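Trainee: Take a look at the following structure, please.
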């Protein structure tokens with residue numbers, strides 16, 4: 001008896017909740033401004049690409 005009530009409550013909560021739909025609405029960052037998105041992606045991907053080179057440079061200069 002109690003289990004059925006819990007099940008009905010959880011399904012009704014899920015049914016009542018609604019998120020925005022559409023392209024880019026399920027991402028943790030905004031895709032509305034393409035220039036800001038370009039800058040953020042360049043910074044993110046560029047830092048990952050450049051990190052090994054900076055680490056090697058640091059190790060070579062460390063002596």
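Backbone N, Cα and C define each Cβ position, glycine as well.
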Trainee: Check each of the ranges 7-33, 34-60 against Swiss-Prot and return the one annotated as transmembrane segment.
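Mentor: So the range that Swiss-Prot calls transmembrane segment is 34-60.
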Trainee: Would you mind listing the long-range same-chain contacts of the topological domain 'Mitochondrial matrix' (17-33), meaning Cβ under 8 Å and 6+ residues beyond its ends?
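Mentor: Beyond its ends, the topological domain 'Mitochondrial matrix' (17-33) has Cβ neighbours at 40.
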Trainee: How many neighbouring Cβ atoms, not counting its own, are there within 10 Å of the Cβ of residue 25 (N6-acetyllysine)?
Mentor: 10
